[in-house]
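> Just dropping this structure here.
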Amino acid sequence: MAPWRRTRLVLAARRQMTMMGRGPICQEGIMWSRLLSFVVLAFCLMAAHLPASATIWDSVPDEQLKALELSRDATPKELFDSLSKRYRAELTKGKHAKFWEPIPMDMYLAPTLFYKAPDLDMQVTREQCASCHESVTHGWVASWEKSVHANLDKIRALPADDVRAYKKDIITEVEANLHSQGLLEQGAQLKDVGCADCHLGIGAKAGNHKDLHLPDRTVCGSCHLRQFAEAESERDTLTWPQKQWDKGHPSHTVDYMANVETATWAALQQREVAASCTMCHTNQTKCDNCHTRHEFSTVEARKPEACATCHNGVDHNEFEQFMLSKHGTKYQTRGDSWDWNARLADQNTKGGFTGPTCQGCHFEFNGQFTHNTVRKVRWGFLPFQNIADNLDDPWFQDRKTAWIGTCSQCHSPRFAETYLTMMDNGIKEGTKLVEETRKVVQKLYDDKLLVGQKTNRPALPAPEQDEPGGFFSLFFAQKNQTTLVDRTFAEMWEQHVARYMKGLEHVNPGGWTYSHGWSDLIKDQAIINEQDTLLREKAQLEQRVQKLEGKAGASAKLSSLDNRKPQNLLVSLGADPLYAGGTLAFLGGGLLLGGLAGRRRNRRGDTGDTPQ
Amino acid sequence: MAPWRRTRLVLAARRQMTMMGRGPICQEGIMWSRLLSFVVLAFCLMAAHLPASATIWDSVPDEQLKALELSRDATPKELFDSLSKRYRAELTKGKHAKFWEPIPMDMYLAPTLFYKAPDLDMQVTREQCASCHESVTHGWVASWEKSVHANLDKIRALPADDVRAYKKDIITEVEANLHSQGLLEQGAQLKDVGCADCHLGIGAKAGNHKDLHLPDRTVCGSCHLRQFAEAESERDTLTWPQKQWDKGHPSHTVDYMANVETATWAALQQREVAASCTMCHTNQTKCDNCHTRHEFSTVEARKPEACATCHNGVDHNEFEQFMLSKHGTKYQTRGDSWDWNARLADQNTKGGFTGPTCQGCHFEFNGQFTHNTVRKVRWGFLPFQNIADNLDDPWFQDRKTAWIGTCSQCHSPRFAETYLTMMDNGIKEGTKLVEETRKVVQKLYDDKLLVGQKTNRPALPAPEQDEPGGFFSLFFAQKNQTTLVDRTFAEMWEQHVARYMKGLEHVNPGGWTYSHGWSDLIKDQAIINEQDTLLREKAQLEQRVQKLEGKAGASAKLSSLDNRKPQNLLVSLGADPLYAGGTLAFLGGGLLLGGLAGRRRNRRGDTGDTPQ
Amino acid sequence: MAPWRRTRLVLAARRQMTMMGRGPICQEGIMWSRLLSFVVLAFCLMAAHLPASATIWDSVPDEQLKALELSRDATPKELFDSLSKRYRAELTKGKHAKFWEPIPMDMYLAPTLFYKAPDLDMQVTREQCASCHESVTHGWVASWEKSVHANLDKIRALPADDVRAYKKDIITEVEANLHSQGLLEQGAQLKDVGCADCHLGIGAKAGNHKDLHLPDRTVCGSCHLRQFAEAESERDTLTWPQKQWDKGHPSHTVDYMANVETATWAALQQREVAASCTMCHTNQTKCDNCHTRHEFSTVEARKPEACATCHNGVDHNEFEQFMLSKHGTKYQTRGDSWDWNARLADQNTKGGFTGPTCQGCHFEFNGQFTHNTVRKVRWGFLPFQNIADNLDDPWFQDRKTAWIGTCSQCHSPRFAETYLTMMDNGIKEGTKLVEETRKVVQKLYDDKLLVGQKTNRPALPAPEQDEPGGFFSLFFAQKNQTTLVDRTFAEMWEQHVARYMKGLEHVNPGGWTYSHGWSDLIKDQAIINEQDTLLREKAQLEQRVQKLEGKAGASAKLSSLDNRKPQNLLVSLGADPLYAGGTLAFLGGGLLLGGLAGRRRNRRGDTGDTPQ
């Protein structure tokens, strides 16, 4: 299907959707028949990316070809060369490079940058790898033996009605990619994909053990070029209209850079602690976060648990939210009767799926399933105020329309629109709580009233810098670097409001109001408002005592001078700092402070999590 | 089996059980042979509800028939009419109606009250629904195609020894219900159950798309009358002897009312936050919380995860407690070898089950499995003091006896009784901690010593009202509406003690002492006792400074008058409020304050959770 | 394989491993070829414990035979008699016996000590058990009927290539054990293992119901002698070189004693709360924590969930860590395609496993799979400083080498070594945070500055004793027994650092830095450092007010004397206690306080958790 046609459909959808708004029930005035016809058309698209001969697949978006300065008639070799050149150029130690040194483990996490082969000078043939390693590390050999890589002919022999038959086309596609790159003789077929192909070089017959490499994305992408291009296109399709995030962020394809360019990460002296962040931020560096070596099972990669190692926990608990939603319980109760060998596009038909998965919703875009998981991203990783303020921008509206298409696989478009609008409104309410509280925190910091702020708050290790409730509060606490107020607010803006959002996004009731979400945010607000009152009352009492001491004469003054430092902070408070929390209404100026964390986060360019 | 016979058995059981008590080991003096014979008799009952011709099923309890003023000889039509009339009368916006307006999403949550069909004026035939929606929303059509509804003849063709053969009787039963209501011609069989039957009207051949409705419980109940009556009987069988809860509360069948009549819910300005509560409190309004549309899989509804979306989290973590108990790990390790097509009554025999599920224990009552899940409820949703004080009441004893019968499917009756007695004693200990701490909190509130209490604690939005540590503390925190003491105590009485109880009830060790439960309660108590000391020391120090200022003369007074407000609270404290926590022993009066939260909760009539 | 040969291999391995260290990348200088050959040799061992005729199995370690003063030529009877004699001698109520009384439930938890048969005087034959209990407690009969115990001939009939065929050898082995003990006629075969065998006596034809017993480990061990000996050998192989723990601790085989000898447990007045601890600490007393009665399914015992009931939660969340690691997601996504009937040694071959389980790694030692799960234990249950300080000791190095062997089933030895070294370094960093914070807490306690410390901190129930942030802080909070500082530090050293360690050990990124682990420890440190500042500032302000009151004359003194008690504590503070937290650098003396919790924990001899 020609690109212009999809564009027209999206525009039509946008028009439809902007008519819906958030009116009271029964005043919708929407032409449902028009919407209906739109959806019917939209789903005609689900036939998806036909690998048109001699052109780049239509699952590779225009934005990427433009960025690479390639036409859609480019050869696989041209596409691969262009992609891998950019890939290597953008995978570096980053702007904070001077602040940290890799530890040995890093060579396995970012092999392109750090891998060194074992110092074993031994000439080996292609056949010797598996036979020798069967006794050394039999587990990985056994896994490979179960993989498609070891059994290409078994795939080729599948009958056409086998749910895995689509893999035959993939083999053909891979062979075409290799032909184009001159890595497989024209007309020749792949026999198998063995250790040597990935660790020595595609088609290698022999080599020296000390020349082994650990595959990065380009090694997988040489064969799986379409998937490589789709995944890499996350850099190109995520261009935030109001610069809420840097281009391509947050996405899998830049997640390693997001990691190393985070000041907090670079500042951590305990590199084993920093390594934990890196463990997940390695989709940019390799492919086996989802496609576990050496079985590379597609069945595994299609199941929600494949996302779980990274997408769980304090601020990106998508996995838990999904599992406790009705969507997730459907998976847990009925998933064993679904055929996981069906590819994503076939799951609801050949696969017999009666519920959604992470992959089924997030890999889909306008009826097509690709490795670009961020084409419908709207709220991203955190609900920034400058996202909340711009949801009417067509960029956001188009993406909402795309989501309605996704949900409409199983729900009525009206239901989907109604839910997504409620979700948006809910997220805005959470964001509002955070911004209200940010003002209280900032005022305490500006008034220098945080515990120990003037006497016991040492500078953070470079390149990290102080700010009230900054991201660093989760990782540094020497002396009073992190106070209760800092920590509480860091959890509020970086964790709790994120979980609140993700609860709404994944339709898990307990996830956004009660067990987590709103209730957590209210607790944060309560703690910070209480600290605001307490710290100001404390300052005032000290002031009163100081005044009394002043009256008590010179001898008293002398004895208390040395330990009266904390009171000096009152000088900066002006007339009456008491109950500033109660007078916030006079502050005015709207969200002057609101974008702070956002900007910080943005500056850090953090995270490669797939949002929404 | 005649009702009198079951009654006699229950009475016999009660007599047996009251003899057991909680004696030291080896002094039991129980006639185990008598108990044994009781259990044998009890399990004769497991043949369960025979749908006696021309009478209402014996799984429909006497209490319900009495409440509906029906005899057991009533026709299905009479039962349905009576049930659905009451159902609609009791499903309203509630006494707080004026405080809130529905948002669009509410029409899907309480369709009886709010649903409006899409504005699509289009005449459709019965056949057109699926064929058109196959292209619009293929997911729901595919789910329906896998359902029994779409395949009645497939069920009719099952051999008698198929574990699903019982469904043939259900089809016959449904047809009899429809015959009685004049919705199916006498002698005619149902062909299938399609979109039109539920969304336009049973048996409808055609209709207009704008007349669609969203099924509530009465729509499902028209066919599934027995299940509807059983479920609705929760209103009738749960009559608390000391009015611990309103009649029928807490249960699934009144859970929507429990929601809308909760002051906190009605007071929430952020309706998207309130909607999260509603998401689960909709068993009263529809049936698909457990029987997910449109597959309506009984296999799904029988698995523990079917309960998980609602029964998880901070105060009703039954799902987590079960999954980590030995019961749950048995399910997780062996459940894949059990035949989930077996109905509950057949699971331990035809199904090959070797462990229990939520459904296997909670749907059972005296050997019968019905949709009334609350006939063994004793502790309900929260361990109120007035439950702890009345466990010797025959009402509670009978229900304990019924539980022993349930456990005795797999455990010896003595083991069951021993465990349940330990559970009761344990829950009492937790309740005691809460009541001790409630006194400390109440005294701080009465002494107006909570942070900001006199200066910075604005009124809550109506209809919510202030109280120390009220339920609202989980959802409101403007200024100092919620202090650390309030919030901690709200978590203690509403969440932690509930989890403590549920840990004991579901035999999850980490759930009641270490990871959760006792350890959480102790932390709450520690925090509140510390605040008690700190706030009283703070008040006293301020008092001393004030006294010094009084001595310091008129000029000092003048300058500090404006910011001395917080000290005024001391006026109400009388002579010496210091260390009131330490003098609680003198308070006397027993549990004068103890019932507070309970009464509040009771007033709110909250929750539709199935306890125990 | 002769023991000397294994010993030589272990020595060789130790030599290899000590050469690896933690060098920067590329300066390893390791002879990888030598390592390779070592690994090859090591895995020759995987053929495992051949039950050599007329000798004790080689899976029974030398340490155990030595402790029992048996030669490897001992008969099964001699081994059983010796083992069961020691077993009974060491299973007592412990040194705190006078402080607690069992509750009825305890008879099911420690049957050897407390079980009393029901008072039912009834002669029964072997056959009557199941037939009568089919109607009383049909669940347990149904479970037994599915067990191997009820179907020995079915096992005997298995073809040699059946993955369960190894069970034939086990039956033969059991029969040999019984022959040796005179419990089965020479040459006779077991027909089945019925109720009577375990509850009345092996081979019993009849008996009286009032003579029933509840099996302890010796009852199972009479038949399953090898497994009994292996499990009991945990007492013998875990001899900590620097006495970090008592001999055999922490392990399953002494977990009941660890429980009853914990002062906190014995001090708990609420025995139902203490019972929760006991629920898991019963591997010493019986075998069905893992082998759930009465199916005794090996499939169940091999699955990770079999460990979950005990190994989850606040301080030993191995289950959660595993499940969220890539190891665990592999299990969750692919485990349904693995053959769980394969025994551990066959899983990666016959079983088709492509990922690890709890059992696959923790039951393995130098290629052999046994019921001694602690032969590779290094960090144990908590990262004590005196473990961190001694990792270079050959005892720890040998065990690291053994772990490298385990990981090398699927990973390269270099990868394994690199990860394990990072893990060690990471754990040390966490331990450092704890020790830094311990000093702050101890100083506050020594200065008597904890809230209510001098006025409102009553003694704990015996045998528990006060200490800052002791284990008791999780369970006792009368008045100010537990302050925020105590509680926070108790969670830090007993829970959060344990989870941090377990996150690293189980390769779950979110488990050691972000969701849990480092981030938790930093929060603890932040809270305690803030309290340090606040409590010292508070003391100072009170001191200043007191000084002012002294100047204000005699009348003022009189009125405030009665409520000035808290200030007296300042007497003990010397010149200027303010900001002691800021002057900790001057404290010196290294880790004088560091071993406190460790020693306490050690004194308590706590826990039977399998670490690492």
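Any Cβ shown, glycine's included, is placed from N, Cα and C.
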> Would you please say which range out of A:38-57, A:578-597 has the annotation transmembrane segment in TrEMBL?
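Residues A:578-597 are the ones TrEMBL records as transmembrane segment.
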> Nearest by CA distance to A:HIS311 (heme c 6 binding site): which of the binding-site residues is it, out of A:HIS149, A:HIS291, A:HIS327, A:HIS362, A:HIS411?
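So, spelling it out, the nearest of the binding-site residues is A:HIS362.
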> What subset of the binding-site residues A:HIS311, A:CYS361, A:HIS411, A:HIS506 has a Cβ positioned less than 8 Å from a Cβ of chain B?
A:HIS411
> Take the C-alpha atoms of A:HIS199 (heme c 2 binding site) and A:CYS129 (heme c 1 binding site) and report the distance between them in angstrom, rounded.
10
> Whole-number Å only: compute the distance from the Cα of A:HIS327 (heme c 8 binding site) to the Cα of A:HIS149 (heme c 3 binding site).
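Counting only the Cα atoms, the answer is 33 Å.
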> Less than 8 Å, Cβ to Cβ, versus chain C; work out which of the binding-site residues A:HIS252, A:CYS280, A:HIS327 satisfy that and list them by sequence.
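Checking chain C against the binding-site residues, the residues within range (Cβ-Cβ under 8 Å) are A:CYS280.
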> Considering only the binding-site residues A:CYS129, A:HIS149, A:CYS195, A:HIS281, A:HIS294, A:CYS307, which fall within 10 Å of A:HIS252 (heme c 6 binding site) when distances are taken between Cα atoms?
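Final answer, ordered: A:HIS281.
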> Could you tell me which of these binding-site residues, A:HIS199, A:HIS311, has the greatest number of Cβ atoms within 10 Å of its own Cβ?
A:HIS311
> Quick check for you: of the binding-site residues A:CYS220, A:HIS281, A:HIS294, A:HIS371, A:HIS506, which have their Cα within 10 Å of the Cα of A:HIS149 (heme c 3 binding site)?
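Checking Cα-Cα distances against A:HIS149 (heme c 3 binding site), the binding-site residues within 10 Å turn out to be A:HIS294.
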> Do you know offhand how many angstrom separate A:CYS195 (heme c 1 binding site) and A:HIS294 (heme c 2 binding site) by C-alpha?
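About 9 Å separates the two Cα atoms.
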> For A:CYS361 (heme c 1 binding site), what residues in its own chain, 6 or more apart in sequence, show a Cβ-Cβ distance under 8 Å?
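Correct list: A:THR406.
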> Measure from the Cα of A:HIS362 (heme c 7 binding site) to the Cα of every one of the binding-site residues A:CYS220, A:HIS281, A:HIS291, A:HIS294, A:HIS371, then give the nearest.
A:HIS371
> State the Cα to Cα distance, in Å, between A:HIS371 (heme c 5 binding site) and A:HIS294 (heme c 2 binding site), rounded to an integer.
20
> Roughly how many Å separate the Cα of A:HIS291 (heme c 5 binding site) from that of A:CYS307 (heme c 1 binding site), to the nearest whole number?
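Cα-Cα distance, A:HIS291 (heme c 5 binding site) to A:CYS307 (heme c 1 binding site): 10 Å.
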> If I restrict to non-local contacts, at least six residues apart, and a C-beta distance under 8 angstroms, what lies near A:HIS294 (heme c 2 binding site) in its own chain?
A:TRP140, A:VAL141, A:SER143, A:TRP144, A:SER147, A:HIS149
